[in-house]
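Features of the protein shown, as given by TrEMBL:
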- C281: active site (ACT_SITE)
- H339: active site (ACT_SITE)
- D362: active site (ACT_SITE)
- N402, D404, E450, E455: Ca(2+) binding site (BINDING)
- 273-365: domain 'Transglutaminase-like' (DOMAIN)
Amino acid sequence: MKSLTCDILQTYLDISSWDLACEFNNTDHRTDLNGVGRLIVRRGQAFTINLQLQSGAYDAQAHSLCFIVEAGPEPLEESGTRAEFCVSDSIDDTCWSAMVTSPPGDTLCVSISSAPDAAIGRYTLTLDQHGYKINLGEFVLLFNPWCPRDSVYMDDEEALKEYVLAQDGIIYMGDHNYQLPMAWDFGQFEEEILDACLRILDVNPKCQKNQAEDCSARRNPIYVTRVISAMINCNDDNGVLMGRWQEPYEGGVKPMLWRSSVGILRQWCRESCSAVRFGQCWVFAAVACSVSRALGIPCRVITNYLSAHDTNQNLVIERYVNEKGEPEKRTRDSIWNFHCWVESWMTRPDLPSGYDGWQASDPTPQEKSEGVFCCGPVSVKAIKQGELSFKYDAGFVFAEVNADVQTIMRLPDGSTRDVISPAIVGQKISTKSVGSDHREDITHLYKYPEGSDEERETFKKAEHLNKLQQHKDVGLDLTIKLGDSLRKGCDFDVFALAKNNTSKNKRCRLLLASRAVSYSGVIGGDCGYKDLLNVDLPPGGERKVPLRLNYNKYADALTQDNLIRLAALLIDYSNGDTVLSVRNVVLDNPEIKIKILGEPKEHRKLAAEITVQNPLPVPISSCCFSLEGANLTGGRTITERWTTVEPGQEAKVKVYFTPTHSGLRKLLVDFDSDKLCHVKGFRNVIIGK
């Protein structure tokens, strides 16, 4: 009996300690920006652990080393949340496997490779020697877009730097005629953010209903992306953000003040998953992008200008106006000046072949999908091809970029009249370019050129009958032209240009109105109005009518978006034909000048001098500069205040911060005051080692 016991003991390795080699592995797996205090690895890629032997040496013939990895509350092999595997002669890159990589000695190095389709999340790692088990610790497993066998694999190193590793980027706002870049701090590697992202998965309703099933489903990026889309808004669950699209914003933060996902995710986590107030589309999209990148899914923020919200799924936006051409809220259909969502990169084995690649999803709560406020993911290629039956929510996204617009005038007596109003939704679809701050126009990925044969075939497939019809030509053209110096604080002119393309004299009424408007289409106060009852247009003739917009008129009407809606209405007295032209004006804020003082080095205090000039004809007060930036300000916002700035004068502050990592970073700056709000700027800073 004693001899048998000794024989058994000799088959066990005498392990005194072990090391998960977090710094080495995290660096090798491109997760070291999360820190090196714990093991964070990507699936389908080997990582190394070191076993320190107190006595003896490893003998492959005598010792049996097996490992157990488990995730979730009910780990099961058939669910993909548990695996048991032993050391072998080589790594099998299709499943969990292990091999010894060190020569005989006091330290045994073991290489462990996870399955490329393993569920992401937190795991425990256990060493098993014939039933004698040692808990080696925990690790976090992420998607791996560098692994060819992973369903999020992307074969483009520069694109991966942009869509997974870049902690800052640019989101496009403004108007389709004037796209405004706004820098954003995604901050997916900042402290606490990965834990917040994993918590989003853990508190989602599907997990609360069936934890084991949810953990197993986390093998699939389609499932995870759909959960993210639902959980970034709080409409059905303990989601991250509460949306609000107009005043008041008491009890929260104005959406325009956010410049980073970091503060939002930290606040949500620290306040027991209570929704952060408030977000709008670009905030929802930016936070979804941060979460996706943190989990290893390549992701980018998309801006669609003139984005349709089709509530009744007929691919037509019914737009009502009054006799002045001003919009009336008669339906829930709308056209947003712009709308943001995200695209995530993955394969789609649930669809016919050819629909892998970018998948659109939208975390802004607009309509319910399968009973939940979420949208997507849907293949961008499917949208372009008009495959409206494809999962998920293809019809809704197709309408956002392709819906037809019908404009109807409601007269004071209650009768209605059709209005000719050229309006093309889905314009200048934009995202940040790979490796630069330039805008990339990706409209061609969503739709064929207007009027092309391919477009007609797509509309036929989608049964988009309105788009296939020829619209009425009444022989009258009406356009809106802009003057110079469209800067906030200035007076400026806009023009309605009416042209008669018929062979008859035309006597018309021409109205030109201006109202403040939000980016989502909510109309604000009056900014100026002109009504000409008798405009004579000879055959081939035209008339240019100016309207002066004065600062003292529009100043108090503007929303946070600095947008003014111009509407020109032309009514032919002879037959009642009515033409409407609509155009939005984006008023420029002043430039924020950012000067870096000294040589930027990691872990060395750095100063920035920030200046902004007051462009308004009145003094501004209660001025505040806010700075933040990934790996620059430690995930926090730095503020500096200034009292009063007279017209034409400058506010100037010097701000200190300590960069934590080398590389190209973006320093984001906001300026706010009582009369000049939401002025934004950024500067790229190269941090040396």
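Here the Cβ of each residue, glycine as well, is placed from N, Cα and C on the backbone.
The CA atom of D404 (Ca(2+) binding site) is located 17 Å away from the CA atom of H339 (active site).
Of the recorded residues, C281 (active site) and E455 (Ca(2+) binding site) place their C-alpha atoms 28 Å from one another. Listed in sequence order, K447, Y448, P449 are the same-chain residues six or more apart from E455 (Ca(2+) binding site) with CB atoms under 8 A from its CB.
Distance from the CA of H339 (active site) to the CA of D362 (active site) is 10 Å.
The Cβ of D404 (Ca(2+) binding site) has 23 neighbouring Cβ atoms from other residues within 10 Å, across all protein chains displayed.
Model confidence over the domain 'Transglutaminase-like' (273-365) stands at 94, taken as the mean pLDDT rounded to a whole number. Cα to Cα, N402 (Ca(2+) binding site) and H339 (active site) are separated by 14 Å. The Cβ of E450 (Ca(2+) binding site) lies under 8 Å from the Cβ of I424, each of which sits 6+ residues away along the same chain. Counting every protein chain shown, the number of other Cβ atoms lying within 10 Å of the Cβ of D362 (active site) is 31.
Residues within less than 8 Å, Cβ to Cβ, of H339 (active site) and separated from it by at least 6 positions along the same chain comprise C281, T303, N304, S307, H309, T364, E400. The sparsest Cβ neighbourhood within 10 Å, among the listed recorded positions (C281, N402), is found at N402.
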